[in-house]
Each structure stands twice: as structure tokens, then as C-alpha cells.
Amino acid sequence: MAFSAPSLSKFSLLVAISASALLCCAFARDFSIVGYTPEHLTNTDKLLELFESWMSEHSKAYKSVEEKVHRFEVFRENLMHIDQRNNEINSYWLGLNEFADLTHEEFKGRYLGLAKPQFSRKRQPSANFRYRDITDLPKSVDWRKKGAVAPVKDQGQCGSCWAFSTVAAVEGINQITTGNLSSLSEQELIDCDTTFNSGCNGGLMDYAFQYIISTGGLHKEDDYPYLMEEGICQEQKEDVERVTISGYEDVPENDDESLVKALAHQPVSVAIEASGRDFQFYKGGVFNGKCGTDLDHGVAAVGYGSSKGSDYVIVKNSWGPRWGEKGFIRMKRNTGKPEGLCGINKMASYPTKTK
């Protein structure tokens, strides 16, 4: 069953939170996978302890008691949503994470960033798809286990998901081709790839592939580190190695089988609609929640598999390793809709690289 939130007046909250700052700041502890228990939903003191512990875990600080009260109220409302949904769903689950003090509108405004005005760009013809005639596919593929996926990164409050999606795909094909896994620079794309893309205000992966080809490669992250904001382009770095690609290809649109064919050979850049509230608090399982196909977030597909009869795609996100399954999400495939869950089959592409 779902539980009702404890009722507090704003004055009571001010008093309780002010006191809890002194009494509860040392209550950091390990929680269950979802981060709360039923007691937190029915006992105000326990809920305040949970909030303080969550603040400590995620290094949260607020400018005033009033701001803290507001964030506590948002936190409590989000917790009610998480608990309600966990009582309604069974293939995946939600949990508290670093976004628990953000309203859903705040979350969407800060962490999504695919360039919507460019969606009408012409995609490559299906005849260019190099994996079109492949028929013998493995039942599952996980490029993490093959060493072709770099550690999960965190885009922060910069709408640069498109850059992280691009880089993940390039890191993957570079490792597959050369045997070397190098973490590459999203910041270079944000700062320098400005002809069609817009830094922290969104972009598209195909345009980023074009930039990498035209400039002769992408710097490594150590040579051009991430800032979580737009910077000045430092494209011309002498005597610094770049990772190159030969080209890129689009996966045939709205074709689940074609996406799997590509994934059997390399990580793939994909776009999804990630603005659903369940996506904000996804913690684990095979996600099959409500979402449309209004693409707003760039991610990387890094494998596929099946669990308890449910087929899924393994997706690498860019919201840090504490979101989802250590930064990844398993998204249901074979949904019966050509565009796939959350539109994942609509705008997939991958870089190419010759040995």
C-alpha cells in the first residue's frame, strides 16, 4: 500500500528543520536500494532524518532556512510519488537520488538538452547501413564487458547530453578498432562544435560526428577536461594526440532489428524522450514506463539482452554513476511500436573507423 505524507505547517517545518540541522547531520547511513522505508513516510522525525542524511550523501547545502524548507517539501512530494509508483509497477523500481529536491519542471530544464529545432534534418538512406544484411546475431551483447565503455560521466546542469552520447560512441568504436579505451573530451564539442550545435543549450550527435571528421579528431578528456559549462574553444592544441573516426552512418529509422544489428557490432548514439517523471528517479530493473517520442535527451546504447522474458537495450546515461543502475538503464525493446520505447529507434547513429 502507499502511505500518506506527514502533515506539517510551514512554521512547524521551519522549527523542525532548524533543529534537525543540528541533530541529524551525522545520520548518514546505508539505505535499501530505493533509499527509504515505510517508516519514513509516516513519521515526521524519521522523514527529517532521511532528508538530512540524503543531503549529506549528496553534498547538498541551501542558502537559507526558507530555501531548505522549500526543498524539503519538494523532497517529500517526490518521495510520495516514488512510493506510489513502486506500488504500481513491477518490472522496474524508483528510488531517491540526487534529483530528489528538484521539481519535475526544474529537472527537465537542467538535465535534458537535445536540439529540437534540428529534428527535420535529412537522415542518410538505409542503403548506407553497413549491418543491413547481418542475420546471425548473438542473444545478448554488453560492450561494458568487452572493455569498450568508459566510466559513466556527469554532464551536470549543462544541456550537453548530445556531446556525451557522441563521445561514448566514438570511445567505443575506437576501442573496438585499436584495442585502446580512451576517455575523450565532451568539452571540446561544447566549446568548438558551434556551427550547428549549441553547447549547453543542446545539439545533435550527427553534427558532432561531422565536426570530429572535419577537424581531424577529438582530444582526450585529460587534455581537454569537462567544465560543466561552455568555455572558449581550444581546438588547436599542438603535439596532443587526437582520436579519429572515418565517418558515421544512421541506423534505419523506426527499426528495432536494425538497432540491434548495429549494437551487436558497436555502441550506438541514440536519442530518447527522458522527460517522464519515472525516468528522473529510475533506480533499476527493465524500464517500460510511460514516455512519448518527443526526443529530448541524447544517450548511448551499449548492448542488449533479456531478463525474465523481457528484452531490453542497455543505455549509458550522463547523469553520474549514482543514477539508475550505476549510471545505466535497461530499456524494454520489442514493444510492438516501430519507434521503440521513448523513441529510441527514431534517431540512432554510429561512427565508423578503419583500422
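Each residue, glycine too, has its Cβ placed from N, Cα and C.
The signal peptide annotation in Swiss-Prot covers 1-28.
The disulfide bond annotation in Swiss-Prot covers CYS158-CYS200 (among others). The number of other CB atoms found within 10 A of the CB of CYS158 (disulfide bond), across every protein chain shown, is 24.
For CYS161 (active site), other Cβ atoms within 10 Å of its Cβ number 28. Annotation comment: Swiss-Prot describes CYS161 (among others) as active site.
Taken from Swiss-Prot, the feature N-linked glycosylation site applies to ASN180. ASN180 (N-linked glycosylation site) is surrounded by 10 other CB atoms, counting those within 10 A of its CB over all protein chains shown.
Residues annotated as disulfide bond in Swiss-Prot, with similarity to another entry given as evidence: CYS192-CYS233 (among others). In the three-state DSSP scheme, CYS192 (disulfide bond) falls into the helix class. Neighbour density for CYS192 (disulfide bond): within 10 A of its CB lie 22 other CB atoms from the protein chains shown.
Annotation source Swiss-Prot lists disulfide bond at CYS291-CYS342 (among others). Long-range Cβ neighbours of CYS342 (disulfide bond) (same chain, at least 6 residues apart, Cβ-Cβ under 8 Å): ILE272, GLU273, ALA274, GLY276, PHE279, CYS291, GLY292, THR293, MET331.
Summarising the annotation, Swiss-Prot assigns active site to HIS297 (among others) and lists sequence analysis as the type of evidence. A strand conformation is recorded for HIS297 (active site) in the three-state DSSP classification. The Cβ of HIS297 (active site) lies under 8 Å from the Cβ of LEU112, GLY113, LEU114, CYS161, ALA271, ILE272, GLU273, ALA274, SER275, each on the same chain and at least six residues away in sequence.
Within the same chain, the residues at least 6 positions away from ASN317 (active site) whose Cβ sits under 8 Å from its Cβ are VAL152, VAL299, TRP323, GLY324, GLY327, PHE328, ILE329, listed in sequence order. The active site annotation in Swiss-Prot covers ASN317 (among others) and is backed by sequence analysis.
Within the same chain, residues at least six positions away from CYS200 (disulfide bond) with a Cβ under 8 Å of its Cβ are GLY113, CYS158, GLY159, SER160, ILE190, GLU229, GLU230.
Here the CA atom of ASN180 (N-linked glycosylation site) lies 26 Å from the CA atom of CYS233 (disulfide bond). Its Cβ taken as reference, CYS233 (disulfide bond) is surrounded by 14 other Cβ atoms within 10 Å in the chains shown.
Packing around CYS291 (disulfide bond) is summarised by its Cβ count: 20 other Cβ atoms lie within 10 angstroms of its Cβ, all protein chains included.
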